[in-house]
Amino acid sequence: MVSSSGSRVLFICFVITTMTCFVAMATDNNPLQDFCVADENSPVLVNGLVCKDPKVVTENDFFTWGLNVAGDTLSNKVGSNVTTVNVARIPGLNTLGISLVRIDFAPWGINAPHTHPRATEILTVIKGTLRVGFVTSNTENRHITKVLNEGDVFVFPEGLIHYQQNIGHDNAVVIAALSSQNPGVITIANAVFGANPDISADILAKAFQLNKNTVQELQARF
């Protein structure tokens, strides 16, 4: 029979173990060897990607190029272009919990409000002046925003809606790191008004306090 003091010890151990498990589950899988280069040809489905035989790994599995090339902002209606460097582009990122993007902005271009469901983002302005911001969760919905200049750094917490806007008359460039090999992105307008199949216009009209015709016009654009 377990004593009351013994029960307390067991309970504390259980709480600590549970909290540790939640922390471990909140990040990408940790590597258990020097590296786990993604095997893009494996038919096996896991949370992440299957490791390639380390004997056939080469330096090219840890390399990519072209981040010095500006993205095309002219063909994008919002005036920005995101060049992504994640595990799909560098297989050696598998299990390392990090990725990178370059974002180019035309004058007054925006990176529309979006979220990264699996990553925190830290952004550095390389060129230009940007207004950035994010919104805290319900019910406060506090809008935290700041104007950034070259060399400034800003953090967007994981999962929160955030955006960037070039507020200058010249092109702007930023580099951002994300705490996942595959952070994902959900652009709010695209997800809501461009869902396939459509979310009912009645639902969106009530949610956004719009008339149904306006909702249908927005859906037609996405």
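For all residues, glycine too, the Cβ spot is worked out from N, Cα and C.
Predicted, not measured: the structure shown is a model, and the values here were computed from it.
Annotated signal peptide per TrEMBL: 1-26, in sequence order. The annotation disulfide bond is assigned in TrEMBL to Cys36-Cys51. For 65-216, the entry in TrEMBL reads domain 'Cupin type-1'. Per TrEMBL, oxalate binding site is recorded for Asn111, His116, Glu121. Among the features that TrEMBL reports, Mn(2+) binding site is placed at His114, His116, Glu121, His162.
Only His162, from the recorded positions Cys36, Cys51, His162, place their Cα within 10 Å of the Cα belonging to Asn111 (oxalate binding site). Sorted by the number of other CB atoms within 10 A, the binding-site residues His114, His116, His162 start with His114, the lowest.
Same-chain neighbours of the Mn(2+) site beyond His114, His116, Glu121, His162, judged by a C-beta within 8 angstroms of the site's C-beta center, are, in sequence order, Thr115, Ala119, Phe134, Phe156, Leu160, Ile161, Pro183, Val185.
Sequence-distant contacts of Cys36 (disulfide bond), defined as residues of its own chain at least six apart whose C-beta falls under 8 angstroms from its C-beta, comprise Leu49, Cys51, Lys52, Asn94, Thr95.
Least crowded of the recorded positions (Cys51, Asn111), judged by neighbouring Cβ atoms within 10 Å of its own Cβ: Cys51. Looking at His116 (oxalate binding site) and His162 (Mn(2+) binding site), their Cα atoms lie 9 Å from each other. The average per-residue pLDDT of the prediction over the domain 'Cupin type-1' (65-216) is 97, rounded to a whole number.
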